[in-house]
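Colleague: From Swiss-Prot, here are the annotated features:
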type	residues	note
DOMAIN	8-290	domain 'tr-type G'
BINDING	17-24, 88-92, 142-145	GTP binding site
Amino acid sequence: MARTTPIERYRNIGIVAHVDAGKTTTTERVLFYTGLSHKIGEVHDGAATTDWMVQEQERGITITSAAVTTFWRGMDAQFTEHRINIIDTPGHVDFTIEVERSLRVLDGAVVVFCGSSGVEPQSETVWRQADKYRVPRMVFVNKMDRAGANFDRVVDQIRTRLGATCVPIQMNIGAEEEFKGVIDLIKMKAINWSEEDQGMTFSYEEIPAHLAAKAAEMHEYLVEAAAEASEELMDKYLETGNLSELEIKQALRQRTIDNEIVLATCGSAFKNKGVQAVLDAVVDYLPAPIDVPAIKGIDEHDAEVERPSDDNAPFAALAFKIATDPFVGTLTFIRVYSGVLQSGSGVYNSVKEKRERVGRIVQMHANDRTELKEVRAGDIAAAIGLKDVTTGDTLCDNDHRVILERMEFPEPVITIAVEPRSQADQDKMAIALQKLAAEDPSFRVETDEDSAQTLISGMGELHLDIIVDRMRREFGVECNVGKPQVSYRETIRSTVEVEGKFVRQSGGRGQFGHVWLRLEPLEEGAGYEFVNEVVGGVIPREYIPAVDKGIQEQMKNGVLASFPVLDVKVTLFDGSYHDVDSNEMAFKIAGSMGFKKGALLANPSLLEPCMKVEVTTPADYMGDVVGDLNRRRGLIDGMDDGIGGVKLIHAVVPLAEMFGYATDLRSATQGRASYSMEFLKYSDAPQNIAKAIIESRS
């Protein structure tokens with residue numbers, strides 16, 4: 001089966017933005033104008049096509065990135081048909097993982113800003129993520145009909161706060177309630193969209209007289225930006241003072257793809273103005289799969305290889321999202337980088353080193369699907385029937401194995417205990433958690449050995465709220481949720497020698513176990529070491545493992561506050577036994593008693609987990625952020641300058657002091673700072689804190 005759309009007419013783009021910039025509404029308009037949906041779905045009605053989870057329709061925010069395929073011939077039908085694969089992504093800080101994994105598989109992005117609130121904190125986070133993956137992007141300044149909307153101010157913020165060279169290719173005609181349309185700064189014409197047919201038709205008109213001078217000035221800036229693409233263009237521009245429309249477009253396209261400039265458009269998706277012009281700009285300026293560098297990977301001999309966007313190259317794809325569908329089971333969203341994959345054929349998962357079979361391949365339109373016979377280089381689709389694939393795995397041709405660049409996922413930062421409300425919920429909960437963890441790499445599940453509770457960890461409180469909500473709705477599991485917890489540890493600080501003796505002799509067969517142990521502290525992270533120095537058979541060899549086992553059991557239960565003991569070396573150097581009464585159980589108990597007695601004499605200490613915290617904040621709030629970290633017993637490790645005038649603060653802070661930090665940081669910096677944290681080490685807890693914890697658990 002031949003390719004229906006040539007690869008140079010593909011655009012794989014993401015629509016990314018801050019919460020509430022109007023991103024999902026923009027996507028809805030795109031689907032309406034490209035003919036995919038006949039009725040526009042509004043977010044505030046809970047009817048948006050791409051928000052298909054119940055939680056999203058209730059909360060009015062986008063949680064998972066839905067992939068949608070659509071076609072576009074241009075506002076004026078000026079193009080041959082182009083195929084646009086769009087990924088709509090969430091803008092909430094707890095879901096940055098979704099944005100990250102979408103950007104990883106896209107070739108370009110449309111970043112939506114609100115015309116009145118401009119560059120917001122989450123926009124800074126998203127922008128940095130796009131910088132990390134070098135994604136070419138353009139800007140749509142939306143909500144120009146809103147009170148306080150100001151296109152020039154937003155363009156200025158993009159330049160100063162995000163450090164981008166922003167080049168407007170449109171300017172607005174009026175703003176707020178007076179917003180009428182836009183001026184195309186390349187054609188130098190005004191565009192008015194009809195209000196009778198939801199903006200389906202439009203007309204080109206002359207630029208209003210009062211805006212002519214400003215439009216001429218902005219046109220000049222745009223032509224200069226285009227001329228900088230090459231020496232030839234610059235020479236022509238200096239000689240003639242102008243460039244042709246085609247030359248301008250080709251030059252701006254090249255500079256956008258090279259990440260040198262960011263083009264800006266404006267409009268109001270809700271008022272049906274400007275969205276088709278965004279689609280035209282996507283086709284004109286954002287890259288096709290063949291315009292971006294070929295993806296790199298590692299072959300089975302650990303050599304670096306490339307996979308070009310070519311149907312004739314060996315098949316290679318990246319699984320970038322797993323979703324559970326109520327009708328077909330597990331959907332694995334894949335981005336095909338090279339080659340062709342037919343439904344029903346076999347693939348090799350090079351990360352898991354397993355062969356898999358693809359049952360069916362479907363093209364997703366938010367929540368609906370069309371069956372496909374095959375997918376080719378540049379396609380984004382969902383595969384059904386893959387058994388053991390997780391986000392970030394590479395699927396490839398068995399004869400040409402490759403592992404594509406892995407995605408890096410942040411460590412979860414918050415943990416809560418969940419308990420099923422009834423026995424019936426117990427089994428369902430295990431299945432639900434396993435499925436949810438397969439879908440979301442930033443969500444973890446484990447069992448606490450001390451309390452046997454199920455612990456779930458994620459990227460924030462909203463993240464875990466939604467997980468618990470999904471367990472209830474999708475899997476029918478009712479559960480109780482505990483408070484966030486910290487996991488402490490214990491260790492010793494000095495060396496002791498101690499006797500452990502267990503004797504029971506009351507007529508008949510007794511119990512006798514007798515050991516001498518030396519306990520020594522080890523360096524941080526060294527774990528547990530057991531050494532047998534018994535000579536001359538004072539303890540028979542078959543009882544030695546029982547002593548070790550008894551010590552390890554006592555270590556798990558701790559000696560101060562029932563937390564596990566870390567970093568200890570125990571040497572068994574003497575002891576005695578009884579011909580009749582000694583057995584394994586007696587020596588196990590003797591080992592356990594000896595360790596407990598010795599650890600209490602060896603200057604025991606309570607350890608608390610300390611986190612490596614990195615805060616990104618605008619310079620204005622640096623003093624407040626540092627002061628707050630100091631109040632949380634944080635040690636400031638250093639500070640750096642980030643892109644776009646932000647400061648990076650590196651600190652080490654005890655986990656116990658970090659609960660509620662996301663909320664506090666948001667309010668202290670008006671939501672403009674973001675942070676990440678990961679586990680660093682266990683350190684001695686201060687005496688007053690250790691004392692309170694030990695008393696609360698005794």
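The backbone N, Cα and C atoms fix where each Cβ goes, and this holds for glycine too.
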Colleague: On the 0 to 100 pLDDT scale, where does the domain 'tr-type G' (8-290) sit on average?
Modeller: 84
Colleague: Count the Cβ atoms, other than its own, that fall within 10 Å of the Cβ of Ala17 (GTP binding site), considering every protein chain shown.
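Modeller: Total other Cβ atoms inside 10 Å, all chains included: 30.
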Colleague: How many other Cβ atoms sit within 10 Å of the Cβ of Met144 (GTP binding site)?
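Modeller: There are 29 such Cβ atoms around Met144 (GTP binding site).
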Colleague: Can you tell me whether DSSP puts Ala17 (GTP binding site) in helix, strand or coil?
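Modeller: Where Ala17 (GTP binding site) sits, the three-state DSSP reduction gives strand.
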